[in-house]
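For reference, the structure discussed in these notes is given below.
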Amino acid sequence: MQSGFLLEIVLPISLFIIMFGMGLSLTLKDFKRVALFPKAVLVGLLAQLLLLPFLGFMVATMFHLEPLLAVGLMVLSCCPSGPTSNMYSYLFKGDVALSVTLTALISVIKPFTLPFLTYYSMVYFMGEGKTIDLPILKTIVQLFVITVLPVGIGMAVKNYSPKFAEGCEKPVKIFSMIILFAIIAGLVKQNWEKMWGFFAQSGAAALTMNCICISLGFLLGLLLRLSRTQAVTIAFELGIQNGTTALLVTGTILQVPTMTVVPITYSLLMFVTALVFGLFILKNRRSILDQPSLERVS
């Protein structure tokens, strides 16, 4: 399979299906929690909208990443969290309701902020005369159609046919995991000779970024006096990014394979680091202050 077909056809369709699956798990009640439990939601939103891009910039600068890799890291840091963060929150006793709410909200907001931050990242790291053409309005429309629209369709299906939505939800989640690994494997195979050196260069930066995001997310939650379960969720929401969206922007919209290296590396590492963090939390849950978590609105 050619990487062009993979990025231009398979990836957008797959992301549409993944976001449709997310919509199947959402209702309007998930968005109502913003008013009922503003503190935890606000902390999570601001951390993803402001802290993540800042951390991406600091890591890219600290590791002196070459311009294309630095932009790839910035794109990743500006992407929303994915459905995988909801799964990790469930498995490791986080606040699933908060996780679903944050993922839903940030998935609607970031398609409108991502193109601007991507453009300014290219200007900073590549130089204004060397930036790759990125029509911002067109990119917003593309991201809206591929990410926000399918979420709305999925919510409509759940509203009008809840049994069908319930039956499809789990298979689509499994599909999202499989397709992400399949796309990554395809890209690595097609660009193996070029990418191996970039993996060596970007691996440390991706791992550092991921560990900082998870650790800082958890500590931020505790410092701001959120419950332990909410702090765990904030950690997963910051550390687990939607790698498929990052690949869409870098590989499909910008069409720069080198920029996909950091999202690929990060996506592979985040499953392991999130697992280690989750197991650590479970092992030490009795020694960490626990408070009531955010419950679903009935």
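Placement of Cβ uses the backbone N, Cα and C atoms for every residue, glycine included.
If you check TrEMBL, you get these features:
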TRANSMEM  6-28  transmembrane segment
TRANSMEM  40-63  transmembrane segment
TRANSMEM  69-89  transmembrane segment
TRANSMEM  96-120  transmembrane segment
TRANSMEM  140-160  transmembrane segment
TRANSMEM  172-192  transmembrane segment
TRANSMEM  198-224  transmembrane segment
TRANSMEM  231-254  transmembrane segment
TRANSMEM  260-282  transmembrane segment
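Remote same-chain partners of the transmembrane segment (96-120), defined as residues 6 or more beyond its termini with a Cβ less than 8 Å from a stretch Cβ, comprise 19, 22, 25-26, 30-31, 33-34, 37, 40-41, 44-45, 48-49, 53, 71, 74-75, 78-83, 85-86, 89-90, 131, 134, 136, 139-140, 143-144, 147-148, 151, 229-230, 233, 236-237, 242, 245, 249, 254, 293-296. Among the recorded stretches 6-28, 40-63, 198-224, 260-282, the one sharing the largest number of Cβ pairs closer than 8 Å with the transmembrane segment (140-160) is 6-28. Each of 40-63, 172-192, 260-282 was scored by its Cβ pairs under 8 Å to the transmembrane segment (198-224), and the highest score goes to 260-282. Highest Cβ contact count with the transmembrane segment (6-28) among the listed stretches 40-63, 172-192, 260-282 falls to 172-192 (criterion: pairs under 8 Å).
Residues 65, 69, 72-73, 75-76, 84, 88, 91-93, 180, 184, 187-188, 195, 198-199, 202-203, 205-207, 209-211, 214-215, 218, 232, 235-236, 239-241, 243, 246-247, 250-251, 288 of the same chain lie 6+ residues outside the transmembrane segment (260-282) yet bring a C-beta within less than 8 angstroms of a C-beta in it.
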